[in-house]
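Okay, so here's the structure we're looking at.
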Amino acid sequence: MGQAKTKLNIIICGLDNSGKTTIINFMKPKDQRSENIAATVGYNVDSIKKGKVSITAFDMGGAQKFRGLWESYYSNIDGVVFVIDSSDTLRMCVVKDELEQMLNHADLKTVKVPFIFFANKMDIAGAKTPMELTQILQLDQIMGDHPMNIFASNARLGEGIHEGMDWLQSVMLRRLEMSKKK
């Protein structure tokens with residue numbers, strides 16, 4: 001008999017046009033990927049298999065009118081993927097505001113789920129590096145006790161995606177093991 005799969009839930013957030021759906025698309029097997037990616041209206045749910053782990057990904061729309069939906073999923077997640085368009089310097093203050101609202105939500109204040117940040121669109125001239133984004137968004141200050149990491153990415157080519165998701169999965173699995181020991 002095969003070993004039962006570990007099931008994890010993640011939420012994928014970020015402003016509109018940051019590359020959230022493209023990142024999820026890249027994580028799917030090649031024969032299941034979409035050629036045309038459209039803006040997410042509301043949210044999409046995708047299942048991703050990585051070894052013996054089954055991840056349910058809630059891909060949230062990033063347009064302002066959909067950001068209020070994000071909090072509906074905070075109570076049932078094991079990790080957060082936050083995608084940043086690293087070339088969109090004009091909206092970094094909006095990114096920071098949305099992130100701070102997330103972190104101040106009761107469901108995320110009490111449970112210190114891990115965050116992976118993708119500094120996406122690194123191929124665009126003028127894109128900010130992960131280190132620059134960490135400083136601009138003051139991640140070291142605002143993240144508190146949440147485990148976090150930030151990876152440079154180019155979602156269209158898949159650069160940085162597997163490395164970031166491997167980190168997130170390993171942290172989520174470690175937290176799951178620790179909670180079982182309690």
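Backbone N, Cα and C atoms are what each Cβ position is placed from, and that goes for glycine too.
Feature list (source: TrEMBL):
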type: BINDING; residues: GLY14, LEU15, ASP16, ASN17, SER18, GLY19, LYS20, THR21, GLY62, ASN120, LYS121, MET122, ASP123; note: GTP binding site
type: BINDING; residues: THR21, THR40; note: Mg(2+) binding site
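What TrEMBL annotates, mapped onto the structure for a quick look.
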residue: GLY14; record: GTP binding site; Cβ neighbours (10 Å): 24
residue: ASP16; record: GTP binding site; Cβ neighbours (10 Å): 17
residue: SER18; record: GTP binding site; Cβ neighbours (10 Å): 25
residue: LYS20; record: GTP binding site; Cβ neighbours (10 Å): 28
residue: THR21; record: Mg(2+) binding site; Cβ neighbours (10 Å): 22
residue: GLY62; record: GTP binding site; Cβ neighbours (10 Å): 23
residue: LYS121; record: GTP binding site; Cβ neighbours (10 Å): 23
residue: ASP123; record: GTP binding site; Cβ neighbours (10 Å): 15
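Distance from the CA of ASP123 (GTP binding site) to the CA of THR21 (Mg(2+) binding site) is 18 Å. The maximal spread of the GTP binding site, taken as the longest Cα to Cα distance among GLY14, LEU15, ASP16, ASN17, SER18, GLY19, LYS20, THR21, GLY62, ASN120, LYS121, MET122, ASP123, is 21 Å.
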